[in-house]
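> Structure incoming, see below.
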Amino acid sequence: MSIKPEEISSLIKQQIESFQSDVQVQDVGTVIRVGDGIALAHGLENVMAGELLEFSNGVMGMAQNLEENNIGIIILGPYTDIREGDEVKRTGRIMEVPVGEELLGRVVNPLGQPIDGLGPIATTKSRPIESPAPGVMDRKSVHEPLQTGIKSIDTMIPIGRGQRELIIGDRQTGKTAIAIDTILNQKDEDMICIYVAIGQKDSTVAGVVETLRQRGALDYTIVVSASASDPAPMLFLAPYAGVSMGEEFMYNGKHVLVIYDDLSKQASAYRELSLLLRRPPGREAFPGDVFYLHSRLLERAAKLSDAKGGGSITALPFIETQAGDVSAYIPTNVISITDGQIFLQSDLFYSGIRPAVNAGLSVSRVGGSAQIKAMKKVSGTLRLDLAAYRELEAFAQFGSDLDKATQAKLNRGQRTVEVLKQDLHNPLPVEKQVAIIYALTKGFMDDIPVEDVQRFESEFFTFLDHNKKDLLDHIRTTGNLPEDADFKAAIEEFKKGFSASK
């Protein structure tokens, strides 16, 4: 079979026309220095701030410093295998984390990778970890309560959905316990909880996860953990990863609670990164933008307007103080960003008053408008009474002959302190809180010996559950107090059957 010359030429033409050359242009750079979670690379002229970069061994990095001749990269993973002279290439993607309901019940690292040994997570969506906070017109004022189940907080320092309430105190004063109790109390509240552990011991995080699992709270909780053994970039990114996961739910009209435990360690990690990147240090060696580090995170907590779906993110950031010094740099920064603070005092904690809330220094700037009417009515004077008692208590140590009014205030104060004590992991529904505070503020407990107050409380709750369930149901469903006569009659009836220990 002979092939004609014109056939050969047409075949060659066809081949040339159908030939496709896949030329990939990649922007690459060279590592010139590496160490302590930081790499310095030459090249990569067109890189974006915050862009993900890939090293030759597959480890990812994030562009942080953009300079004239080189870029500073924070390494998101083990950096021991990255060498001077290695290639680093652009991905064209901004740092993102996986989001969605598939994450509920799981423990992940700040990159959204599972670390609980329960296999991969099949998410379908992701969100950038840095995103703009909702604007003024997209927000609505805080008006729905977030019940923590902790008497001293729900009565005196109430928190609303969409609020940012700082929890501040020395180490070992019960900050994490407040977080866990608040998560446990959201069981039937249709609230998604995100617990971000920053720089905690792995054993501590495991304990928190186990507590949540045993009490059925892990089903509506995501745990994001950057432990103390992780490199500084992971600790720096963890809070942003947590709030991005929360935003996915918020923009779909759901309510989210995000707990950052704690932001002092994030600030320390950011200081470490900044100093390694040769950024100029400021007060306490923190970089100049450490305020912006926290403000851009906490401004993403909001109560959205109805037009945007009415979802919310409530933020509970933690700050650890040194010897109760709330006037240090990071504490004052975060106090000025948030809508109030709950101050936990170590001497109250050690004297057996737990939760160790200092009512005088704690404040909630917007939570009052979110309280239910019944709670507002019964707890109105509670904070002032407690603050007055603290003053009188110090004063009364010097003199024994006190007038009747002062003695009555001291007696009421002692009973108030006892009522506000609460056991660990024992959150209380709001209707029971209203009932016991009503009994306290209306003077029904003034004749109960101080040592019997807690027994009075538990027996009173049992009595209400069995005999006066309608009163509790009324508070829960309507948010209002029952008729005064009915409530008083119920308390009087219970007191007849209550026997004091002395």
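For all residues, glycine too, the Cβ spot is worked out from N, Cα and C.
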> For the feature region 'Disordered' as recorded in Swiss-Prot, pick the matching range from 119-139, 161-181, 413-433.
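It is 119-139 that Swiss-Prot annotates as region 'Disordered'.
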> Does DSSP put G169 (ATP binding site) in a helix, in a strand, or in coil?
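Looking at the DSSP assignment, G169 (ATP binding site) belongs to a strand.
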> Hey, which bits of the same chain come close to the region 'Disordered' (119-139), Cβ under 8 Å, at least six residues off its ends?
50, 94-100, 102-103, 106, 108, 112, 162, 237, 240-241, 244-245, 247-248, 296, 299-300, 302-305, 307-308
> Could you check which of the binding-site residues (G169, D170, G174, K175) sits closest to S362 (site 'Required for activity'), going Cα to Cα?
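Closest candidate to S362 (site 'Required for activity'), judged by Cα separation, is G169.
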> So of G169, G174, which of the binding-site residues has the fewest other Cβ atoms within 10 Å around its own Cβ?
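Each of the binding-site residues G169, G174 was scored by Cβ atoms within 10 Å; lowest is G174.
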> Using DSSP with the three-state reduction, classify T176 (ATP binding site) as helix, strand or coil.
helix
> Can you tell which of the recorded positions (Q172, T173, S362) has the fewest other C-beta atoms within 10 angstroms of its C-beta?
Q172
